[in-house]
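The annotation transmembrane segment is assigned in TrEMBL to 9-28, 126-147, 154-174, 186-203, 208-226, 246-267, 571-591, 611-634, 641-662. Annotation comment: TrEMBL describes 296-359, 370-427, 431-491 as domain 'MIR'.
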Amino acid sequence: MWGFLKRPIVVTADINLSLVVLTGMGLLSRLWRLTYPRAVVFDEVYYGQYISFYMKRIFFLDDSGPPFGHMVLALGGYLGGFDGHFLWNRIGAEYSSNVPVWSLRLLPALAGALSVPMAYQIVLELHFSHCAAMGAALLMLIENALITQSRLMLLESVLIFFNLLAVLSYLKFFNCQKHSPFSLSWWFWLTLTGVACSCAVGIKYMGMFTYMLMLAVAAVHAWHLIGDQTLSNVCVFCHLLARAVALLVIPVVLYLLFFYVHLILLFRSGPHDQIMSSAFQASLEGGLARITQGQPLEVAFGSQVTLRNVFGKPVPCWLHSHQDTYPMIYENGRGSSHQQQVTCYPFKDVNNWWIVKDPGRHQLVVSSPPRPVRHGDMVQLVHGMTTRSLNTHDVAAPLSPHSQEVSCYIDYNISMPAQNLWRLEIVNRGSDTDVWKTILSEVRFVHVNTSAVLKLSGAHLPDWGYRQLEIVGEKLSRGYHESMVWNVEEHRYGASQEQRERERELQSPAQVDVSRNLSFMARFLELQWRMLALRSDDSEHKYSSSPLEWVTLDTNIAYWLHPRTSAQIHLLGNIVIWISGSLALAIYALLSSWYLLRRRRNIHDLPQDAWLRWVLAGALCAGGWAVNYLPFFLMEKTLFLYHYLPALTFQILLLPVVLQHISDHLCRSQLQRSVFSALVVAWYSSACHVSHMLRPLTYGDKSLSPHELKALRWKDSWDILIRKH
């Protein structure tokens, strides 16, 4: 029984020393002096604010992408004990002693370092040689732009890592498919493909490009699988089901999980709340939740309410009025009703309060028991501070002459007759008997006499209107828009009939408590929609560039400048690698077209296995470049050189593939192969030389003379390289 103790226990393992060395070199290049410079570098000022929000559990909204990338950066801050108390106010600001710079930059650096051995493994999984795989990894290792981007608290290196992980996982799964389908490793790599794709999308929306590429490649392979007559119908169904679960269901579930964790962490109110709906704001701790605590749920006749426009553009605002009247004659000569102004005001104010009056009763208080307002009921909206009724009539609005003016009725004998009956329509009602609810109900007010809808036009009134936003009556025939929709944000039951008592009541807290917690899906859908609809400032930036400038590297970004010396960091790529990558793409396209034409004539230049390997490499590498680059030509946003880096990594993977193909299939003799190999070695040497030459701009650890700074543009760098040789 104990005989096994008589012999030593031996464990053997295959260790790829090349992979170990590449990993070590990647870590060294990315982690060396990671805390330098100890100052805010370029977009660190942007991401650092969100990390601080995570540390303080304050809600924020960022339109650049889903929250997973921000959570990765925040994890680094959490591991380093960052408390979030640093003012990210300008690029170049020195980090205080309590900011764990190494920890904040660690995860992007690790992602960049691990991309090096991953490139090696991808080329091997494509069944190209060890030399080609080493070539791809070395190019990833020495590319200056990738080094710079991964050594800072930025997200591109993390995005590239998950892009490459998705490709590598799928290739390993695809190779397992040939000899061990439904094995443990088969399931692992297939599932990891879906997880990596979801993480890529969760970091930046750009990750969707690689995800769609992987779905397309998987769909083609699944189509071939369906045609395999050696597989039974049940087996084919199981294959398709496994792919659907791993590549569709799991990514969706993970994507939702990212938002779930994001919303769980950020439970406090913050400066970004105002763009969200009242219901969303009320679900956060503090802010509106504190203001609205104790409000009645059902709006009744006699209720005192503030009405927030759901559209929230150009800024969130509330229906507002004040004692000033519209000018009798506008600047363009048109006349007005000269009645009390009605506007939309972007700040909390006592003049935002309105009383929901029953047209059949004179009283402005809530009856006992309260009589709730329902969908379809007629109401009058009485301004709480001036007791004037909301009115609209066939008078052109101040700035929107095709719409009606909205006012509060004052009988100056020169104005139109009072037309102040409004029909309440609950937009998100479940039935036609729904009750108007605080925060939850989204409503429209349709004018009874003219069928005009109360709407925010979004135009800023002149100085006589205090630059507040114009409110108009829009005809229903012009269609539906969110700017016509309102919701009750603050609400209390009115109890005082006298004007002075009512004014005091409008500023006193309510007493009835009610819970209005939104479900996760409701919060997720609103947050996702706001992120997609939110438009950031698209003004030209000093270092913005066009996609055409990226390919030729005719642009760079100055990331950081030492305040006392001329040491600086620039995002500047290795021109040898960038130009060679573009040439490799062109060569691949030309060769593939030539092979396809000849195969159409039934001339097969390549063996079938070599042809399939060539096509798969092109689909993943050339296709990866195309899907991560070409969509930028259609985008109307400010673009920077770093947007090209995901596409560049696929170029780098394709480059040694094309070189090996030329050596194996186009060089006919041993002499030609020897000459070509020598040229490749010389080319690699020149790439290494340029990388070393640009090292001071990559790490920023060396003062530069004015003459050396002229080499920032690639053309100048190339001239210097030629002169040195």
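Note: Cβ is positioned from N, Cα and C throughout, glycine not excepted.
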Folded-back contacts onto the transmembrane segment (641-662), same chain, C-beta under 8 angstroms, at least six residues removed:
115, 119, 122-123, 126, 128-129, 131-133, 135-136, 139-140, 143, 145-146, 149, 154, 156, 159-160, 163-164, 206, 209-210, 543, 545, 547, 549-551, 555-557, 571, 573, 577-578, 580-582, 584-585, 587-588, 591, 614, 617-618, 620-626, 628-629, 632, 676, 680
Per Cβ pairs under 8 Å, the stretch of 9-28, 154-174, 186-203, 208-226, 571-591 packing most closely against the transmembrane segment (611-634):
208-226
Looking at 126-147, 186-203, 246-267, which one has the highest count of Cβ pairs under 8 angstroms to the transmembrane segment (571-591)?
126-147
Sort out for me which stretch, of 9-28, 154-174, 186-203, 246-267, has the most Cβ pairs below 8 angstroms to the transmembrane segment (126-147).
9-28
Using DSSP, how many residues in the domain 'MIR' (296-359) fall into helix, strand and coil?
3 helix, 30 strand, 31 coil
Sequence-remote partners of the transmembrane segment (154-174) [C-beta within less than 8 Å, at least six residues beyond its ends]:
42-44, 47, 65, 69, 72-73, 107-109, 111-112, 114-115, 118-119, 121-122, 125-126, 146, 185-186, 189-190, 192-193, 196-197, 199-200, 203-204, 206-207, 210-211, 214, 217-218, 221, 620, 624, 628, 642, 645-646, 649
Tell me the residue counts in helix, strand and coil for the domain 'MIR' (431-491), as DSSP assigns them.
9 helix, 29 strand, 23 coil
Mind checking how the domain 'MIR' (370-427) divides into helix, strand and coil residues in DSSP?
0 helix, 26 strand, 32 coil
Across the domain 'MIR' (370-427), what does the mean pLDDT come to, as a whole number?
87
